[in-house]
Amino acid sequence: MTCTIIVGGQWGDEGKGKVISYLCKKDNPSIIARGGVGPNAGHTVEVDGEKYGIRMVPTGFPNVNAKLAVGAGVLTDPEVLVREIEKLQKFNVGERIIIDYRCGVIESKHRDLDKSNEHLSKEIGSTGTGCGPANVDRAMRTLKLAKDVSELSKYLGDVSEAVNNAIESGDNVIIEGTQGSLLSLYYGSYPYVTSKDTNAASFAADVGLGPTKIDEVVAVFKSYPTRVGEGPFPTEMSLEEAEKLGVVEYGTVTGRRRRVGYFDFELAKKVCKLNGATQIAITCLDKYDPLCYGIIDYNELSEKGKAFIKEVEEKVGVRVTIISTGPELSQTIDIRNK
């Protein structure tokens, strides 16, 4: 039995969706629970060549044997959730998903306020999904909960009980984090942050798990970090330089072009300490060196690719156990047991 949390090590968009999907297929957990803020973060999952952009349903949905759960600490947008469940019908998501009855609910008034507030939309670069205003209402104890929304009734349950029961039964459990550690309301580059903490301890609390139940924390880092929206970015490169390197990307939720930078070893070290990371997953190694594309054996990586992995381990102080070399789940190097 292993309970694993996956956390973003940068400003989101690290490729957590790919890593989570891989682990959910490889480790075959009985339940995959989502922590985090809400539908302000998007994950892209590629299954058999088809891409799925999702914001509410847990990224591990391709594992049709696992229950899917959205923890009480996650804000829920019923419109987004129902739309995703319908879109993912062939994966039988509607019959497997549990929405905690204590989840806060985002309404149209929250989205409208998010988009119309000049400070949030222009200065901070909010995604406009209503999460910040909804969290304000939660703090004021006026927010509607999932149990109050009739269209969610057939999906409701107690996620904390489900996750704890799975652990007690000796099953594997995976907890998905969203966004990235550097967007944390408390530990990120305030005020250019999200409306809540985005670290491993908070993700455990989001799904109702105590800290002693966590076995592994996997921090996910992209070889070239990216950021959407405003805020400091110490190693940022010019857009022209990013184009030359072939690392032009757009946000899953906003569609905005992502800012790109070089790997920041010092920040990565701080993030791993903050999250108690036991493992590191490196994504987009094929962007760092195209010769690494599609490689599934560590020994076959280019010298440049190996040198980068070694540098991460030496400077950050945490072992790299998972390496993504392409968008497909099969394009993954897994050295956790080596």
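All positions are counted from 1 along the displayed chain.
Each Cβ is built from the backbone N, Cα and C atoms, and glycine gets one as well.
Pulled from Swiss-Prot:
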ACT_SITE  Asp13  active site, proton acceptor
ACT_SITE  His43  active site, proton donor
BINDING   12-18, 42-44, Arg258, 284-286, 324-326  GTP binding site
BINDING   Asp13, Gly42  Mg(2+) binding site
BINDING   Asp13, Glu14, Gly15, Lys16, Asn40, Ala41, Gly42, His43, Thr127, Arg141, Gln179, Thr194, Arg256  IMP binding site
BINDING   Thr252, Val253, Thr254, Gly255, Arg256, Arg257, Arg258  substrate binding site
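Across the fold, the C-alpha of Arg257 (substrate binding site) and the C-alpha of the residue listed as 'active site, proton donor' stand 16 Å from each other.
Checked against Thr325 (GTP binding site), the recorded positions His43, Gln179, Gly255 differ in C-alpha distance, with His43 being the nearest. The highest number of surrounding Cβ atoms within 10 Å, among the binding-site residues Gly12, Gly15, Gly42, Gly255, is found at Gly12. Of Thr127, Gln179, Gly255, Arg256, Arg258, all annotated as binding-site residues, the residue with the shortest Cα distance to Gly15 (GTP binding site) is Gln179. Spatially close to Gln179 (IMP binding site) yet at least six residues away along the chain are Gly8, Trp11, Gly12, Gly36, Val37, Asn40, Ala41, Thr194, Thr198, judged by Cβ distances under 8 angstroms.
Each residue contributes its Cα atom, and for the residue listed as 'active site, proton acceptor' and His43 (active site, proton donor) those atoms are 8 Å apart. The maximum pairwise C-alpha distance among Asp13, Glu14, Gly15, Lys16, Asn40, Ala41, Gly42, His43, Thr127, Arg141, Gln179, Thr194, Arg256, the residues recorded as binding IMP, is 35 Å. With respect to Leu285 (GTP binding site), the closest of these binding-site residues in Cα terms is Arg258, chosen from Gly42, Gly255, Arg256, Arg258.
Following the DSSP three-state reduction, the secondary structure of Thr44 (GTP binding site) is strand. When the recorded positions Lys18, Gly42, His43, Thr44 are ranked by how far their Cα is from the Cα of Arg256 (IMP binding site), Gly42 comes first. The binding-site residues under consideration are Asn40, Thr44, Thr127, Thr325. Their Cβ neighbour counts within 10 Å are lowest for Thr44.
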